[in-house]
Amino acid sequence: MDEDDGPRGEEHAQGANASDTLLTSLAAHEALAMISSAGKSSDPAPRVFARVSSKLKEGSEAGGSALQQPSSEEREAMASAQECGNNLFNAQKYGEAATAYTEALRYAHDADDVATLLSDRSAAYASLSRTYRSRPARTSEYRALFDLDPTSLAQMALKDAERAVAVRPGWAKAHSRKGAALFLLERFHEAREAYLEGLALEPTNSTLQEGMREVQAVLAGDGDGDGNGETGGETDAAATAAAATAPSSTKRQRSLGGSSFRSELDDWDCSLCARLLFEPVTTPCGHTFCRECFARAIDHRPRCPYCRTVLHVARDSLPVTITLANIISRAFPEEYEERRGEMTAGAGGPVAGGGAATTGDGAAAAAAAGTASEAVQQTLTLPLFVMSLLMPGESMALNIFEPRYRLMVRRVMEGSRRLGMAQARRDASEIEDVAVEAEIIECQPQPDGRYYLELVGRRRVRIHSHSEMDGYRVARCEVLQDTEPRPDTAEREALPELVTQVDRLVERLLSVLRSHAGPRYGRQGLRIQAALDGVGERPPPEQTERYSMWAATVASLVIPDLDKASLLRSTDTGARLRQLHIQLETWIGSLVVGAGPGCRVM
């Protein structure tokens, strides 16, 4: 087979029907038998790579080839497993193809064979990563996967590609594989370098040219690196306009000796507005912007404006980098004060939370600015975990095993540690239009790649819209709060009595549950105890909104048809309490007549 055919060409499935026919051949069956028997052994790639590298080094020092020639049986076994891998790849069975290439590596001795098999396996891992990223969220919500997450697969693809480049540095395809893996890891600048190295070897290679165009589109802001074609035109247009109108930093040039220091001065500029950094914030990927510039950019897309890495951070979650802010304010005091004045004029008051000390009359105005920023912060972007709704204040433990959610958790932990707990509608048509913002308070990676999470619900949100990113949903949300009844109204005066009535019913429910909780009641008793521990602390009755949410959490333990979504959606505390009163009274009444579900904990 020519090296540009099959999986070593364009990484697309070709002739699935023909591949199915080929898979019935005796050679394919023999290769699959070898794969299944070798599945328990370790990956041979590091050993084969080390052997070939050392032999190549010995051969170059001796002025000839020092590679051991494989026997005819080994070459036949390698060719059979490789053919099986190619057929599986063309049938889009990428995981099985990677296993076949792994088996073929056990019999590889020649440097070209090793490089080819590493390249093929890299393509299989990368294709599987892309498949998981592009799998519709709705499909995954009804048919879960258990496999490595897309980032881990991309890291494996990169490792194989780097080994292929090391064994065969003059092979353009190995550089193409490396660029593709780096692109999946969102290391776009490094991916561009890999593609450029490959194009230096083969300037007309169409795969390298296409990869280069894709990387350039992402870095230029015309793409987002996850294949959905979303653009960032507004963000980049705003940055371009700001840069075009920004005056030169003449004060800094004079203070540091003129134009010879221009390159050093640029280090203090925000790459979005091309002005001196003001209240600088640093992203998890290591890039620094003005606080307000970054907030505006993240409103458009959850990506770093510079390197396009996905960032799940709240608008207000990144603190000002105090050390950098102090250095800038002391090195360029006049220009920093000018920037403060510009931000004050633009926001209608001084910006709160500055990195440098706030002067004199700035404190009172900062409070006003904080009030204005609170309104902006009521809208947020959250990645969604679609399972069941969590009430504010409620705790939950999760084992994350799906590839898409493992990728999401990794990104969330690098950012704000917050995600949205959502639920599919009861008619299974879509997800509910309400969710709860939950904070990850503990995250423990497990040896098999899973994540053990402990979450607590923080606040409820209404979902305005949602889209998909790398196989999971990302939603634009608005924070929900109850509407306070006006003072001296009948509704306001009825709230304390309503809380008292609900509290009596909740206490009866809790006493029933406590009487059946603990290890002496076996596994069911332990489950009841864990459920009681997860409801959180009882809020004071005066905090009627928080209390109603806590009461709903307790009620949901035993009432299977409790509609959490309607309770979260409601902004009327009294209506929520009345609904809970009716359902709790019905449940306790059923206990009295002996027809209820007893202590069945949901």
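Quick reminder: no glycine exception, Cβ is built from N, Cα and C everywhere.
Owing to the predicted nature of the structure, the values given are computational and were not obtained by experimental measurement.
According to TrEMBL, the protein carries these features:
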- 1-13: compositional bias 'Basic and acidic residues' (COMPBIAS)
- 234-246: compositional bias 'Low complexity' (COMPBIAS)
- 270-308: domain 'RING-type' (DOMAIN)
- 379-588: domain 'Lon N-terminal' (DOMAIN)
- 1-22: region 'Disordered' (REGION)
- 36-80: region 'Disordered' (REGION)
- 220-263: region 'Disordered' (REGION)
- 172-205: repeat 'TPR' (REPEAT)
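Listed by sequence, the residues of this chain that lie at least six past the ends of the repeat 'TPR' (172-205) yet keep a Cβ under 8 A from its Cβ atoms are 3-4, 8, 11, 115, 118-119, 122-123, 125-126, 129-130, 133, 150-151, 153-155, 157-158, 160-162, 164-165, 211-212, 214-216, 218-219, 225, 307-310. Here the repeat 'TPR' (172-205) has, by DSSP, the following mix of helix, strand and coil residues: 27 helix, 0 strand, 7 coil. Across the residues of the repeat 'TPR' (172-205), the predicted structure has a mean pLDDT of 94. Residue counts for the domain 'RING-type' (270-308) under DSSP (helix as H, G, I; strand as E, B; rest coil) come to 10 helix, 8 strand, 21 coil.
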